[in-house]
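Database features, via TrEMBL:
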SIGNAL    1-27  signal peptide
DOMAIN    24-218  domain 'GH16'
ACT_SITE  GLU104  active site, nucleophile
ACT_SITE  GLU108  active site, proton donor
CARBOHYD  ASN112  N-linked glycosylation site
Amino acid sequence: MASRSTSSLCTTALLLLVVSWAASAFARNFYQDFDITWGDGRAQILNSGDLLTLSLDKASGSGFQSKNEYLFGKIDMQLKLVPGNSAGTVTAYYLSSNGSTWDEIDFEFLGNLSGDPYILHTNVFSQGKGNREQQFYLWFDPTADFHTYSILWNPQRIIFSVDGTPIREFKNAESIGVPFPKAQPMRIFSSLWNADDWATRGGLVKTDWTQAPFTASYRNFNADNACVSSSGSSSCTSSSSSSDGNAWLSEELDSTSQERLKWVQSNYMIYNYCTDAKRFPQGVPPECTMS
């Protein structure tokens, strides 16, 4: 009886070992997905590829970019932002194409004095034109732990989310003459840099270099639901549909998500270009009139 029990335990242990090995073999890691592009050693991939850190000191910041280019996708990254007195620093996490008429989808985190909230700055560029800023406070301390920042980008809309809660939707408004990012593949970029000429209170608060190095951390990147673009071809076919596991390609906000979006925008939005009449005396941009 004892030998049979021991044999059963050994079999179970072996199965768990195989499952663990398989999970680690197929898990995404930063070595596979990203290249460190600048910073002279200030960016590091740690914990066997599970963690990436960016650092900033008075001499330089640092950054990385994805190996792949994407043309539409549902992309998640967990970030833990620079703690303490982060005034003057910017942690940027965004998608961007190349060229003078580039497309771009931005998360930027503007640091602040200890105890004052970060500002989450979002923007969308299409064919080189941006000026579509919306800014938010967050409903938690983004330096205390990791939180998930997501971009859903499909042919109909772009949705920015934080921990699964939508904070912004930018709809395709080509029908009224507004270009939409849909033809240029984009890479994922992130950087930590000094922007104390504008980042905190319009540049009034400068970076306190006695607090350096400043460090932001990244983990749990997920682009399983994304179309990888390579040499003009896509990993998603033109006939991709929800039955192929690509429901995100036509995903939109349901009624619950719309309510959560309204909650964020009512309570945490601090700037919206669509309501800035002084900035647009001739009238706000046309996409602002869409419901």
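Backbone N, Cα and C define each Cβ position, glycine as well.
GLU104 (active site, nucleophile) sits 25 Å from ASN112 (N-linked glycosylation site), taking the CA atoms of both as reference points. Around ASN112 (N-linked glycosylation site), a 10 Å sphere centred on its CB holds 20 further CB atoms from the protein chains shown.
Residues within less than 8 Å, Cβ to Cβ, of GLU108 (active site, proton donor) and separated from it by at least 6 positions along the same chain comprise VAL90, THR91, ALA92, TYR93, TYR94, LEU120, HIS121, THR122, ASN123.
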